[in-house]
Amino acid sequence: MYTIAALYHFTRFADPADLKPALLDLCLAQGVKGTLLLAKEGINGTIAGPRAGIDAVLAHIRALPGCSDLEWKEATSDHPPFGKMKVRLKQEIVTMGQPDVDPRARVGHYVEPEDWNDLIRSDDVVLIDTRNDYEVAIGTFEGAIDPMTESFRDFPAWWEANKERFHNKRVAMFCTGGIRCEKSTNYLLGQGVEDVYHLKGGILRYLEEVPAENSTWQGECFVFDNRVSVGHGLVEGPHELCHGCRRPILPEDRNRPEYEHGVSCHLCIDETSEADKMRFRERQKQIALARARGEDHLATH
């Protein structure tokens, strides 16, 4: 059984590059795999491995400057969620492209999962999903507004174009684990919105703590590992990835004429050129050859 830990923490690292070697070495030594992002504004990522290995890595992160109160969310999987370990240096741990946004200064009001339903059912509350379009497509909260953004960078422009619709409304926001809402609520407060709320622990904590019979969640929640999606109780969902576009699809979508394993699906068939598809086919060939030799291929990670 693999323990999965999803974490983020906003702090201030003087030089993130100095932190990378020891963190990566520890993960490798402990058999932990996944991706961790380091930036001057903090750390973000998801890792998986044996219980003892995850505990060791979390203890190391909590000992980093300003990270003693690190929080994380856990789940389990009976198969490895990641193929390798990566520690990457970034400009932002979640990219919004707004230099003035600083969640350490202030964020919206945190709302516990058990109080979320009452808030979003209020007539004076507008509910906004801050995730990307392909994530929203497989599940969201009842009544939520989908900004239809392709990346989190698009959110500020969407807000600027639509903010008059929400005049005199309280704004409630949510995302997968909470990190995007740390920035989006700070951004809205900076734009003069007075009453801003966000779901503490994100969708994942809601699905873990709120029983399905009391839930206002509809569908599955996309996750950034080999589980692809989870439902109530964080039970692994039916979705899988199209490795041509990295979007979630259902098993029955593999029966569509547009589907070619590792190359295309009904969502991306018209988005790539024939040259792209030839490259994807060659990639799949190399993956198959590597597996036949009992090796991992980088494209599978």
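Any Cβ shown, glycine's included, is placed from N, Cα and C.
Within its own chain, C175 (active site, cysteine persulfide intermediate) has D129, T130, R131, C181, S184, H198, L199, G202, I203 as residues 6 or more apart in sequence whose C-beta sits under 8 angstroms from its own. Mapped onto three states, the DSSP output places C175 (active site, cysteine persulfide intermediate) in coil. Annotation comment: Swiss-Prot describes C175 as active site, cysteine persulfide intermediate, evidence class sequence analysis.
Residues or ranges marked as domain 'Rhodanese' by Swiss-Prot: 121-215.
Confidence in the domain 'Rhodanese' (121-215), given as mean pLDDT, stands at 96.
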